[in-house]
Amino acid sequence: MNTTATQTVHADRLPDVDTDVAIIGAGPVGLMIANILGLQGVRVTVVEKLDQLIDYPRAIGLDDEALRVFQAIGLADTLLPHTTPDHWMRFVTKDGHCFASIEPRTDEFGWSRRNAFIQPLADRVLFEGLQRFEHVQVLFGHGVEAFTQDGHGVSVEVTTSAGRRRTIRAAYMVGADGGNSIVRRALQVPFEGRTKPNQWIVVDVRNDPVGSPHIYMHCDHERPYVSAALPHGIRRFEFMVMPGETEEELSKPENMAALIRKVVADPDKVDYIRKRVYTHNARLASTFRVDRVLLAGDAAHIMPVWQGQGYNSGIRDANNLGWKLAMVAKGLADGRLLDTYTAERRAHARSMIHLSEVAGDIFAPNTRFGVRFRDAFVRSFNVLPAVKRYFIEMRFKPMPRYEEGVVLLPPPQHRGGWLARMLERAGNSAPGRLLGLMSEKRESFLGRLVYGKDPLAGSPVGRMFIQPRVRTADDRLALLDDAIGNGFAVIGWGTNPTFGLTPQARALAEKAGMRFVLAKPDVQLRHGDDVPDGVIAIGDASGRLKEWFSRLPQSVVLLRPDRFVAGVCSPQQVSEAITELAGKLGMTEVPPYAEASTPSKTSRPVLDPVTVTQAAGA
């Protein structure tokens, strides 16, 4: 990786840069996308206006989906020392009584579902991961002044912190430059939503003066606050800023001591890292793509912190967008593939905003009615065990489910009558947001009541595939993704997924880098006569794959690089499924019966001279 702050070439200009993808913002989302593209041999230039990575804590929660993405780019083991697995969230009363605890213990995707982490160290892991790639560079101290785009690429004008200018020419650009995104504002993309009336002061300290594990949400009517244990002896406190208070006033030693005294006996012995006031926003961009420019992370959506989903939603964006950008940049797929990014990610980002708002409504209601509603809701746990399990096991969390895009499904049927419209109108109230969130799970009772029966509710298509531990041919136990590798995969349970494959389907599969996998009971793995050349055999060490396939009439699953299920089929339908998937991807045609070759990772699109069709000022 090339890391550049400034170079002395001319008095006012630096050498221009030609790249495949320009990423604006060296935060976690931009760095994650750069790693995904770097692994695919795509040339990347990351542009960051600051002179270095941000070194203070921000996000503190990492979920299993995000850890799976770190695993995919080969950095999970480097990140894990900076995490705390099984980090439960406990809601307590003013006197310290725990009335609810979110502690999911399942590991469908191979990792703990709730993890604490230190974001600056995670960002550092992502940044140092780019050192693996000579074709990726990060330009610190470079601020975007303007950009233009035409039918062949994007031209970005940047200025260094020393006042020198340069032009970056890319086939595509990603705006991952935060909630105040220059890129989004220049594109004039609406960013609609609301700002919460209350601010919060966040205080991070070293040498944890409390020491108790997990995160505690203190539902104090007078001043709600949070106490969270983080790795490496760091503790985070968050206190609601009451009307009339200011950051300057609260930061005074005597006022800060009064706040900390709620949790710590001797606030004078606290080792502060930083204090900062935040405003919670809930906003969503109207689209995540404008021609050759895409938005990701906080530039596309921002949400309150209460479920720690802002960071994780950004990583989901990177996971969805990265492989698609790589296919388009390498000439494997048509640019229309990028339209599926908004189609697939925007709806779920909206759901996570709703989830975050509901969690805030429960923790810190804005009205007396909200407090009474919250208390009544919590008391129901004692008489309704099913409600308590729903809450504790995080069943309320909307999981990504793609009904359109790169999925082999019929066109979605948007249902919902007067009850759905009523819930939508009630979305500005706490009860309305809660009921609306619960109804988003279409297979639930409330979801069926609001939207009617969903014929595809039980289908795994469009959902993330499980990741159990499997046994490899050399008798190792490994997580599924490590055993079969990244990229597209076709997994057959107890059947050879390549049997009867047509030459055209095989050519398409080879062009896409698709791997074929035969999964079978662990005890059968030593018998290899049923495993042809070019097929990966895995043993179902835990029985989870057999359980997953037993719910379906089909025994073959097609996986996307982001590990979402693209489709399911019978063994005799694999050729048709691959051909249909290639059409969804917009893959360039492979002539029937032609010998396919894997494209070079270093292949580059040819960029024509700039013809400005769109101008945007910073």
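Placed from the backbone N, Cα and C atoms, the Cβ positions cover glycine too.
Database features, via Swiss-Prot:
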- 20-49, 288-298: FAD binding site (BINDING)
- 592-618: region 'Disordered' (REGION)
Secondary-structure category, per DSSP, in which PHE288 (FAD binding site) falls: coil
Cβ atoms near LEU294 (FAD binding site) (within 10 Å, other residues, all chains): 27
Neighbouring C-beta atoms (10 Å sphere around the C-beta of ALA26 (FAD binding site)): 27
Densest Cβ neighbourhood among MET32, VAL44 (binding-site residues), 10 Å radius: MET32
Where ALA26 (FAD binding site) sits in the secondary structure, as DSSP reduces it to three classes: coil
PHE288 (FAD binding site): tally of other CB atoms within 10 A of its CB: 29
Neighbour tally for GLY38 (FAD binding site), based on other Cβ positions within 10 Å of its Cβ: 23
Three-state secondary structure, which DSSP defines for ASP20 (FAD binding site): strand
